[in-house]
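Worksheet for the structure shown next.
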Amino acid sequence: MIKLVQAIFVLGLVQQALVVPTIDIKLVTSLRQKPTVNIIISMKESPTLVLNQLEKQTFQSREDRLNTFGKTLKDFCSKSQKNVLQLLKEQESVKSLQISIFWITNQIAVRGADLELVQELAALSDISKIEEEFFLELDAPHDLKVVDNLGKANEEEFQWGVEQIEAPRVWNSGNKGQGIIVATIDTGVRHTHEALRDSFVGDYGWYDPFFKTLIPNDTHGHGTHTTAIIAGRARNIGVAPGAQWASCKGCDVMFCSQIDLFVCGHWVACPSLADGSAEDCSKAPHVVSNSWGGGRGNTWYRSVIEYYHSVRIVPVFSSGNSGPECGSVSSPGDYENVLGVGATTLENKVSNFSSAGPTVIGERVKPDVAAPGTNIFSAYASSDTAYASMSGTSMAAPHVAGAVALMLAESPDLVYSDIKAALENGVVPTGSSGLNCGGIPDGTFPNHHVGYGRINAFNSLRTLLHTRTFFTFYIKPSLRIFQSLGGSHYVANFSRCYSSQIIMNDGFCINKKIPVQIGSCPCSFQIF
């Protein structure tokens, strides 16, 4: 009899899903097979207009911006979600529901929803869609090798990735990323590790959306490894060892839950204490490094990314480990408004596993840049003195996040477009591996394997300071500065080699023309 009633319910949902596009048909299929499911409810009202109005305002500080955006969107969603939350609260204790409110996207997640609840929700007019949660498979690291108890052996050596992007040259100026907080959304972090214990934010630095653990932990090792590449303070493993780290456990041993990733995205935008209390949006990190992804052309995380931009949080994403197949770059790393990162080798060539573009939607060039990602030595979670070598774009993305931290430490007012341009302008070309995607050989830049090239933190800092302090280029064909030679001399690269003039705006003189004789690329030129 119970099965008959369930069948009638499901039949009703199927008919409802076919008539009213509120219930995703995949959810109906799941409800045929199991008693409860985890769902995500999307409201009809979009917060886009609210965000657009906020963008027009002037803010006294970054903290003011973060708090104002957070409070305004929370108030908006509280009104928009009122009827739905009332229904859910009535059944929360009876059905043992777990409810999460997503105020950035105006969505609600419910763990443990049954047939009856889904049907009641579908009858509410302010809901646009009800979908089942999905899971992303965590990319298994390549070439994992773990070591422990190294003692004093080689503790002063620079790790090859850190050295190749010339982070130590930035450190020599006193800039190690001080004052910058970088968050990771990953498998967690072993916060007592010798390389990470002194750079942990502390309060407002940890959240575990599923298990609700109060102390940072990592049962996988992936998150400890990636976080230490950013801000590790032992054995020269961190690109920005002066920066602090925070982390949200969006992934477990093998999978990343869509709901947990949404929760983590919101926590990054407005952190709470580890128990979920005392939210304070002003505590948000400056950069968020994401070594996860899945699928191609998915847009489900786009609203979170757009909000990051609104509140000046820089999103960095790995591109995936499905290369060298063309079109294999994963979402959200394939979004146009994130720094998508491919992986390179010690020999400065693209790693053979690094996912490639073009993107499924729009056929854009992705990744944007590349960074060291093969045999990267960093902290590991098995003990406080454990280290491991791993390979993956998961290791490349934190190199970029660390480089961004160094740039923000130098110029805290930088916005995403400044940072992206500086990274692209500071790249070093990679060697060709004979690959070609989208009709672009990997010896031509930008291409679908390494984007503009492999990052160089020192070059980007120099480029950033010169372009922001003295001039902005307006050039056809496009020019990228590779390095400063001292004084007014620079090395640059044109997309085409010819004799011409640079037209520039130095903040005082519009359309100032600089004669340039170009015989080969890269070329040197002088600003008079």
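Here the Cβ of each residue, glycine as well, is placed from N, Cα and C on the backbone.
As recorded in TrEMBL:
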| type | residues | note |
| --- | --- | --- |
| SIGNAL | 1-19 | signal peptide |
| DOMAIN | 177-427 | domain 'Peptidase S8/S53' |
| ACT_SITE | Asp186 | active site, charge relay system |
| ACT_SITE | His222 | active site, charge relay system |
| ACT_SITE | Ser394 | active site, charge relay system |
As a whole number of Å, the Cα atom of His222 (active site, charge relay system) is distant from the Cα atom of Asp186 (active site, charge relay system) by 7
Taken over the domain 'Peptidase S8/S53' (177-427), the predicted model's pLDDT averages 98
Taking only the CA atoms, the spacing between Asp186 (active site, charge relay system) and Ser394 (active site, charge relay system), expressed in whole angstrom, is 10
Ser394 (active site, charge relay system) has its Cβ surrounded, within 10 angstroms, by a count of other Cβ atoms equal to 32
Ser394 (active site, charge relay system) falls, by three-state DSSP, under helix
